Amino acid sequence: MDKAIPRVMLVGTGSGAGKTTVTCGILRALMARGLSLSSFKCGPDYIDPMFHSRIIGACSSNLDLFLSGEETVRFLLAKNSADTDFSVIEGVMGMYDGLGFESDSYSSNHLALATQTPELLIVNVKGMGLSLAAMLQGYRDFRQNNLQGVIFNGCTAGMYPVYRRLVNDTLGLRAYGYFPDIPQAAFESRHLGLVTADEVSLLQEKLDLLAHAAEECIDLDGILSLGKNAPPLSYEDKWNNLARQEPVRVAVARDKAFCFFYQDNLDLLERLGAELLYFSPLTDSRVPKGASGLILWGGYPEEYARELSENTPMLSSIKEAVQGKMPVIAECGGFMYLLERMTDRAGNAYEMAGALPGECSMTKKLSRFGYLTLSARNDNLLCKAGGKIPAHEFHYSDSTNNGCNMTAHKRGREWDCIHASNHLFAGYPHLHFADKPELLQRFLMRCREYGKEQR
């Protein structure tokens, strides 16, 4: 089917070009105009969508071609753009940065082509003159793309006409405005990138500053016109034939320590019959009563290790659930929480749930980063032996017991990972289930069986 979805993608010359800052400014300014918005993040990042969500008042979604594939990404774009006036997609890294250095597969540009979305390139112009034209010519001509214009970041009002004439006269590219330096609107960061939106000091004031700059300095009317002229999106409803099964209650950890989740995973769980019971391992005393399954997403448990370790009733409840063979999915930080001990960056060790043998500690360098494919060595909670699952990792920690029931494959390398049994799937990799609903169907089937066994 075809659907008219006014949309643009904001891509950058690389990480640090200002994509998130400019995207947040544009979203906030468009909201102030009374528009209803959908927002998306290219790739697997959890943190940028949190900022989008705080602005638009609804969950932002991820569009990841490696984890979901082109057809499912188009479906998710259509699904999550329903009943809104305009959609903004924030790119990832540089415009052509994809899987390794050989290809732009899974890049922002790949996503723009797969969804026929016009691209606007954000470029930081500090210290640049004519070289700007040379660089932009490279971006324009390097590969097939949907590049329609540029936004100059770190630009002054006085220099904007100069840069605008340069790219227009030299390259025929349209300038859609500029974004000035606003030091007082900077977001704080930590080892995984920006801190979460809930942790930013004076967030609303900073967003207001960004919105004012966007309204004053960016051609918002031009961006809206560009997006409205985007071609209709052709897609298929990938979940149309999914039958809703018998309801089953699933406990889902959700607080400051466990905040890395994909909204589409939650939507799919509910579509398949799950009643989600949210709880906080930080402040609650036990897994929600009546739950027949448990999900522990990732997040920043290392930042709250003391509080988690001091909540001994919750630790006991989690351990009891795992050892009692309740179906459990635990990703990255959730997996770390299941171990016996966690050592933070300062070297302080804290007792965790002890549901799995081993401990974890924070590292100074990234332990794992990027996409991988998991292959199952045995039948387990999510798939049968031989099943393959796309995943991604991004963590500054390592464990003495990463599991050995799956094999991770990444560009000619492989290693053991994941604790996977008929009731447990726990390890560092993060999963997006939208393209593989059968994985959650299998999980919920086991949850229903467990619920009946407990009656």
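Please read every residue number as a count from 1 along the shown chain.
For all residues, glycine too, the Cβ spot is worked out from N, Cα and C.
As annotated by TrEMBL, domain 'CobQ/CobB/MinD/ParA nucleotide binding' applies to 8-154. If you look up TrEMBL, you'll see 249-436 marked as domain 'CobB/CobQ-like glutamine amidotransferase'. According to TrEMBL, the active site, nucleophile annotation covers Cys332. Per TrEMBL, the feature site 'Increases nucleophilicity of active site Cys' maps to His430.
The local packing around His430 (site 'Increases nucleophilicity of active site Cys'), expressed as other Cβ atoms within 10 Å of its Cβ over all shown chains, amounts to 23. The DSSP secondary structure for Cys332 (active site, nucleophile) is coil. As a summary of secondary structure, the domain 'CobQ/CobB/MinD/ParA nucleotide binding' (8-154) carries 59 helix, 34 strand, 54 coil according to DSSP. Across the residues of the domain 'CobB/CobQ-like glutamine amidotransferase' (249-436), the predicted structure has a mean pLDDT of 97.
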